[in-house]
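Feature annotations, reproduced from Swiss-Prot:
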ACT_SITE  Glu21  active site
ACT_SITE  Glu24  active site
ACT_SITE  Ser85  active site, schiff-base intermediate with substrate
ACT_SITE  Cys99  active site, proton donor
ACT_SITE  Ser275  active site, proton acceptor
ACT_SITE  His288  active site, proton acceptor
MOD_RES   Ser85  pyruvic acid (Ser)
Amino acid sequence: MSPTLVVDQENSEEFNTSSFEGPEKLLELWFSAPIKTNLSAGEKANLGLKAVSRNDWDDMLAQAQCKVLSVVNSEEIDAYLLSESSMFVFAHKIILKTCGTTTLLASLPRLLEIASSVGFDRPLRIFYSRKNFLYPERQLAPHTSWEEEVRYLQLFFPSGCSYVVGPTNKNHWHLFSDLADDYSLLEDSLDPEDETLEVLMTDMSPERSLQFYAPSLDVVRSARGDDYVREKNNLSGGHILGSYVADESGVRDLCSTSDKKAVLDAFQFEPIGFSSNMIYKDRYATIHVTPQEHCSYASFETNVSQFQFGRSISETIEKTVKTFGANKFCLTLFQAKGASQEKHFSAKLKSFSSYKREEFIVYDFPGYDLIFASFTAV
């Protein structure tokens with residue numbers, strides 16, 4: 001089945017401003033081992049979370065104070081582009097990422113209720129993470145401090161552990177993680193090639209930031225012709241501009257797989273700000289940009305493999321920071337443990353030209369290793 005795009009015209013037209021707090025809150029819940037949904041004829045697929053109705057997801061997202069702009073669907077993933085960032089729904093897990101002053105954790109009770117309705121009693125693995133906020137004083141409960149977030153999470157996951165990674169007076173990263181007692185059911189099925197990279201960038205160059213200020217449709221017509229706009233008449237204005245900006249800024253190239261079969265869903269906010277989701281088989285990438293000079297921020301997250309991209313992790317990182325002109329960035333890399341897989345952390349995250357590495361930290365978690373590193377332009 002080919003991926004399909006569904007645009008929510010009403011919400012796409014309603015949300016035309018960007019949040020000033022770029023750094024996202026990120027929640028990832030695993031409810032089971034990966035479920036095969038692309039079964040042959042005659043076999044019945046277990047759709048798990050993918051069986052949840054749009055109304056239920058809308059209800060949950062309302063608790064987080066965000067709405068759906070559009071959805072790209074495939075057999076493996078439903079990728080929701082939101083008014084504030086993104087949501088990815090697999091049969092067995094969900095990833096919810098929201099920026100600004102959204103109240104992501106306030107949606108957790110409803111999320112667990114929805115998961116229970118499709119047969120998942122509790123998550124086997126929980127991740128909640130975020131970079132340090134630019135404007136922490138603007139956040140709403142339960143996000144007014146990391147301590148408050150941890151207290152709230154422990155109401156649901158009392159055995160969870162809290163980590164602060166990196167120097168607290170510079171760029172740093174928060175993580176809350178928990179495992180169910182029967183986590184081994186999941187660990188035995190982990191893909192040894194599973195890697196999730198997140199690059200969190202600040203202090204973008206003015207030249208690159210300007211690429212994410214909304215052009216007019218007249219500018220797009222002048223640059224690409226009337227046919228370019230006419231072909232996209234089923235899209236909202238934000239999606240038409242998003243497609244154009246993705247081409248012009250290098251975002252589409254950054255998200256392209258080696259076989260050119262990835263599907264990109266992009267939205268340009270007016271007057272400023274950009275978001276996109278990409279899906280490829282059972283993999284995804286997501287980008288969010290807040291380009292204002294005084295609080296510029298861009299993020300890139302993906303679990304697309306090096307083989308699928310046709311480039312190394314280091315090459316992907318270099319391409320990412322060049323695309324957004326970041327003067328500072330930190331990154332996290334979650335990598336599944338594999339008996340036959342050699343780990344060469346320093347080789348994967350080599351020194352990057354024009355950047356000085358300030359921090360390099362490795363954590364050993366059950367089933368995964370985590371790398372955190374931060375860099376500043378020189």
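Going from the start of the chain as shown, residues are counted 1 onward.
Using the three backbone atoms N, Cα and C, a Cβ is placed for every residue, glycine included.
Recorded features from Swiss-Prot, shown on the structure.
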residue : record                                               : DSSP class
Glu21   : active site                                          : coil
Ser85   : active site, schiff-base intermediate with substrate : strand
Cys99   : active site, proton donor                            : coil
Ser275  : active site, proton acceptor                         : strand
His288  : active site, proton acceptor                         : strand
Give the distance between the Cα atoms of Cys99 (active site, proton donor) and Glu24 (active site), rounded to the nearest whole Å.
4
Please compare the active-site residues Glu21, Glu24 by how many other CB atoms fall within 10 Å of each one's CB, and tell me which has the fewest.
Glu21
Cβ-Cβ neighbours of His288 (active site, proton acceptor) (radius 10 Å):
27
Neighbours of Ser275 (active site, proton acceptor) among active-site residues Glu21, Glu24, Ser85 (C-alpha cutoff 10 angstroms), in sequence order, are Ser85
Which residues, sitting 6 or more apart from Ser85 (active site, schiff-base intermediate with substrate) on the same chain, put a CB under 8 Å from its CB?
Glu24, Cys66, Lys97, Thr98, Cys99, Thr102, Ser275, Thr286, His288
Validating a neighbour-count step here. Other CB atoms within 10 A of the CB of Cys99 (active site, proton donor): how many?
28
Please report the number of other Cβ atoms within 10 Å of the Cβ of Ser275 (active site, proton acceptor).
28
